[in-house]
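Lifted from TrEMBL, the feature list:
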type     : residues  : note
TRANSMEM : 243-270   : transmembrane segment
TRANSMEM : 364-393   : transmembrane segment
TRANSMEM : 631-648   : transmembrane segment
DOMAIN   : 700-889   : domain 'SSD'
TRANSMEM : 710-732   : transmembrane segment
TRANSMEM : 738-760   : transmembrane segment
TRANSMEM : 839-858   : transmembrane segment
TRANSMEM : 864-889   : transmembrane segment
TRANSMEM : 1211-1228 : transmembrane segment
TRANSMEM : 1235-1257 : transmembrane segment
TRANSMEM : 1263-1285 : transmembrane segment
TRANSMEM : 1306-1327 : transmembrane segment
TRANSMEM : 1347-1370 : transmembrane segment
Amino acid sequence: MGGQYVVTTAGSGRCAMRGSCGTKGWFGKPLPCPYDGPALDPEDQEARSLLMDVCGPEYAEGPVCCTQDQVETLYDNLKTAEAIISSCPACRNNFRSFYCTFTCSPDQGSFLNVTETQKSRTGETAVKSVDFFVGQRFAEGFFDSCKSVQFGASNGYAMDFIGGGAKDYKAFLKFMGDEKDLGSPFQINYPAQVQDKFTALNPVPRNCTDNDLGSRCTCIDCPDICSTLPYVPPPGSESTCHVGVLSCLSFILILAYCLAVAGFFFGYLLELTIRRRREKKYESLVLGADGASEANHPLSPRSRNRGLVGASSLAQYVDGEESTGVASSEESRHHLGRGASLLDPMDTVQPRQYRLNTVLRRSFYRLGLICSTSPWLTFSLVFLAVGLLNLGWKKFQVETEPVRLWVAPDSESKLQKEYFDEHFGPFYRPQQIFVTSAPMAADSSNLFALPEKPPVLSWSHLKYWSKVERGIRSLRSPSGYTLDDVCFAPSGSGGACVVQSALAWFGEDILDYDEDTWEEHLLSCVNSPVDCLPDYQQPLKPEFVLGGVPENTQGKKDYLGAEALVVTFVVSDSLDAEIQERAMEWERTLREYLLDVTPRALEEAGLVLSFSTGVSLKEEINKSTNMDVKIVVLSYLAMFFYVSLALGNDASVREDDDVLSSLLLWVRNLPKLFKGNRLTSSTMSIDSRETPHIFPRLPRKLFVGSKFTLGLFGIALVILSVSTSVGFFSLVGVKVTLIIAEVIPFLVLAVGVDNVFILVHELDRQNLLHGPNASATHATFQPSSDEYITTPMSSTQPHNHQSAFSSSHDDNVDAASMPVYLSAEERVARALAKMGPSILLSTVTETVAFALGALVPMPAVKNFALYAAGSVLLNALLQVTVFVSAMVLDLRRVEANRVDCFPCVKLHARIALPDAPPASGGLGGIARFIRRRYAAFLLKPVVKGVVLLTFSGFLIASVISIQHIELGLDQRLALPSESYLIPYFNDLDAYLDVGPPVYFVSRDVDVNHRRGQQALCGRFTTCDEFSMVNVLEAERNRPESSFISEPSASWIDDFLRWLDPAQEDCCRVMKRDSSRFCSEFDSPARCQPCLAEKTPAWNITMEGLPEGEEFTSYLRQWLISPTNQECPLAGKASFGTALSLSDDGQQVVASHFRTFHKPLKSQSDFINSFAAARRIADDLSERTGTKVFPYSLHYVFFDQYARIVAITQEILGLGLGSVLIVTALLLGSWRTGTIVTGVVALTVVTVMGVMGVWGISLNAISLVNLVISLGIAVEFCAHVARAFMSAGTGLPADHPAGQKERDERMWTALVDVGPSVLSGITFTKLIGMAVLGLTRSKLLEIYYFRMWLTLIISGALHGLVLLPVVLSLAGGPGYPQQEADEEWMSSAMRNDYEYAPFLADDDSIRSD
């Protein structure tokens, strides 16, 4: 059918078109006829009445340019639109006025020009295109009155339907004028310039803010009249005090630290200046005196007694004489040995005793004696008890449900989720797929350039994906279920499934288009989704199906350049386990299908797929491969072998009696075998080691002295303690989680191995003092010759003690203390008596600290804390019982010259290497370093000051960094490193431009009566100003604070509008029986609007709207009425699950109002969205007097972050309090206990500071690690602190020599337990962490490797650097436990005799 160009005659009272001239095709709307003539009166009075009903009383008289047929068509068109816009009178009346004027105005010819005609199906000449001249004032006012009108059922705007989502009046007019099947049957153009002889239609438009009822709209549809809510800052952005870029706290801390540093250096320079002046003054007084005498004068500033803080020796206060720095023979008799004491406690000051310590030592001594004398009985009893506890494995269960793992049973969000699921049904199960193009090759010239992904939209890609979608729709599970059986269908069973895909715009069959037409159609659907409704009849916005859409130079989105297709299949969920299993079965079938399609899509079409099904997250999280198993096992093995080998590194052997020395000696002597002269008895070397051998003679240590078996036994006890803990807690119903299986053995090994080292090292020291060699010989150190002279010694030989702080710092610490031979059982008992209280101290504090983690309400964390506390406690119990028994058996093996690992093999005396006196007085390399270098250096006054300043700087830096710790746990970290969900979550962040839905649930509101209705509604003039809907709309207008971006779906408003008699196709009843509702199939002639005869009539003031039983009667009908084009306000599809009715259907128990969050990209977004929703719900509850709570799918997992900071403070505070109480009681000094607690707190603060720097978020896992940090920090400090307290002389804290006494005690403590702390705690953990650093698991790397490495380094530095300095300055008075006192202690324990202590004052000391 051809067309022709027509120009009508412009003028007032003339028409441009009139009447109907048939349709364009077999289907479609009638086309108007071109008519260049005067306006005419309607055909009859019926036509006039119809015209007045449709267009208003202004057409009550006078000619018009339309016929009755046109008015009827106009009425049908307006009725469809008004179902969407009728809530706003201004928009509705502007819309009617616009089209009534266009169709019927008698002055039509003055603003309308027919530009082209066509032949209709009936052969008549019909209009093909017109120019409609509209003034800017009316066009803008028309658009403004409609742009904010909402359509709640779609959580969108009416403009999406009537204007294609237009953003300005030009786009609005263009959409309405474009020829389309569901729009105008001919083209209407809106020229910007008005032609001559024409006048633009430019009446005054109605405004939604006008006060007349024909214009006034409610706040929901007219934001200009909304009340403004008080300002609320966005979550997480609360204003804080700042000085420049620094917070006020950071600024104050930095300023204070700078002042402290400046004060320290000023004081040091001042003290140095004063000292130099004193030296000069003294030199002037003793000018000419002998230099040597001057140097040793007690008043000389150069006296060596000033080497440590405290200046003077204690002897001047004891003897009443001035010390000259030269030890007299009398003073040498008063040295206690072990380098710790200045006085003989038996001769001068009575030792200070602590009753609890005495009781503990006595108890551990008895325990050690029992276990060592009856090792096999101990094994039997303990392993019997352990075996009984392990029977609990029969009830072993693993918790895998994410909600039950990470959400507290009494969590408010969990309870609200359960309420929502019970009343409205569980949230849908989305199956989401991202389809992108394969990335282009990276630019070879730029090694750091990331590959770019080309646009995904192409004809070939769409055709290929169409085949994949058809395959998904035809999938059958093993039980025969298809998508239609499990999908969510808004219109009910048998209806269309919700599948959000760009292919839905093509009617699910893209083959109806071709390579030349697909782009145009897709762009038209993008611009007007209402014209391309999918089969489930809901507009599909482009942001739901296209991702990564770039913007062009004009700032508009280039949809053809989209990088990703977003495809979502929505599956229904159910509380019915059988129905849920049906859905899960189909999802597993979908997962296998997509796993198979993914590599083929890349190969065949160059498409990259990432996806997630409803079962994916749970299954992937619960996979054991979410940890790098090989690395974890390797880490365990590394620690196992280190422990086993390090325990055998006996310091009591000669320095040249090791494997390397033996091999070097063998190589050196081997050539002697090939010399011509033969060895005779007269020429044979006295030292048999110089004799050449064909095979090297390996040292005895390698075979006998090794403790590999003992180390493995200690490790086996770690495993047994974990197993027993699992058995016990399984017996009482505490389920195991995967984090327990993966981490607790690592933790218990790291904690428990320290006790093994301490016990073994103490036993080695006991062997040096009281072993077989000690009874035969006594090594005396000669400073002049640096050699040992071996002399026989009896138990009555006078003791020759050497002071630790004398000018000659020899290494003979323990060799000369008490060389009395004791049995193996006695030595083991003494070792446990010495170290048992330390083990008790660390075990109790760690167990309490770990147990406090059970206060965290999340089951995964709570169970972890319980299992950890139980494992640590059980491991300690096993160590002080069966390990002690194993130690005595191993000691018997060694003394019987039996080979380690093969105790049946015995090295006879004739081939055993000679047992020479041990080198270095029994000290290993680490101990020699600490004794000779480290301890003395650390205790220098200047070094102490530098240490305090340095750690103060660490503290301030940590506090500043803590302010930047973020909350959250990226779920990608919890997935296996090779999981197919990781690319999915990456694409989810990159391409999804819509936020998750959020539901505000209203409970306990009586909507049967007007007051309850007004508390909820928003589209009627009598609704409360701050009703549910009005407040949600006000919050939507400030998305930065509310995180809400879409209009809310208000069931109450749509339901009451459904009752409007003007909506003739909505609520209908039989004319003959108004109690019976009409169905969609009943003839209009038999039905009438529900409230057609209601008095007073339906109106926006809500007067006359139903209440009581009438309300619920209509409500039940509305909920089952189909939502369709004739009545889009019906509730079945849109609100069928939005209400929960009572069993009798007479009350609304609960209802929800759906809206959407803005796109959430980060963990902070999810946390803040939850916080914002809770705030809004609380505000709604207060304003409306109803109970309101928010629900979204992610809330239940982010509820923890609402309280995690408070929980962290509470748990760490209680933990530190428990550390203070336990350490103070067991150490016998509140001062020392406070210092230890402070150092532990600083260790934890440092770990938290590194968290802020290293990108470690605060969440349940890191919180557990902080609790672990608190417990392990005690391990670094407890042994040093107790050794410090055990080296005391009983002097008062304010004694004039107290400073030097503390220095010497600290020196002794470092030499005594420092090596064990380094080798047992630090090195073991460092080796394990070093191997763990190779892991590919991000969860292991971030939350275990990073945090535990920080903890190890921080704990070692604080325990071995800061703690000694602080204790040496302010530690409490101690109580001595030197070896000179051991025989007395043993006798006291055996005879229940207690040596009564007293605190000597200065006078008693001087008199003594």
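Note: Cβ is positioned from N, Cα and C throughout, glycine not excepted.
Highest Cβ contact count with the transmembrane segment (631-648) among the listed stretches 839-858, 1211-1228, 1235-1257, 1306-1327 falls to 1306-1327 (criterion: pairs under 8 Å). Sequence-remote contacts of a segment are chain residues at least 6 beyond its ends whose Cβ falls under 8 Å from one of its Cβ atoms, and for the transmembrane segment (1347-1370) they are 309, 750, 935, 938-939, 943-944, 947-948, 951, 1231-1232, 1235-1236, 1238-1240, 1242-1243, 1246-1247, 1250-1251, 1254, 1256, 1262, 1265, 1268-1269, 1272-1273, 1275-1277, 1280-1281, 1284, 1299, 1302-1303, 1305-1306, 1309-1310, 1314, 1317-1318, 1321-1322, 1325-1326, 1329, 1332-1333.
The transmembrane segment (864-889) makes contact with the transmembrane segment (1263-1285), as judged by at least three Cβ pairs under 8 Å among residues 6 or more apart in sequence. Sequence-distant contacts of the transmembrane segment (1306-1327) (same chain, six or more residues past either end, CB-CB distance under 8 Å): 338-340, 638-639, 642-643, 646, 749-750, 753-758, 761, 804-805, 813, 838, 923-924, 926-927, 930-931, 934-936, 938-939, 1272, 1275-1276, 1279-1280, 1282-1284, 1286-1287, 1348-1349, 1352, 1355-1356, 1359-1360, 1364, 1367-1368, 1371. Within the chain, the transmembrane segment (1211-1228) has long-range Cβ neighbours (under 8 A, six or more residues past its boundaries) at 354, 356-357, 360, 837, 840-841, 844-845, 848-849, 852-853, 855-856, 1234, 1236-1237, 1240-1241, 1244, 1263, 1266-1267, 1270-1271, 1274, 1278, 1281-1282, 1285, 1372, 1375. The average pLDDT for the domain 'SSD' (700-889) in the predicted structure is 72.
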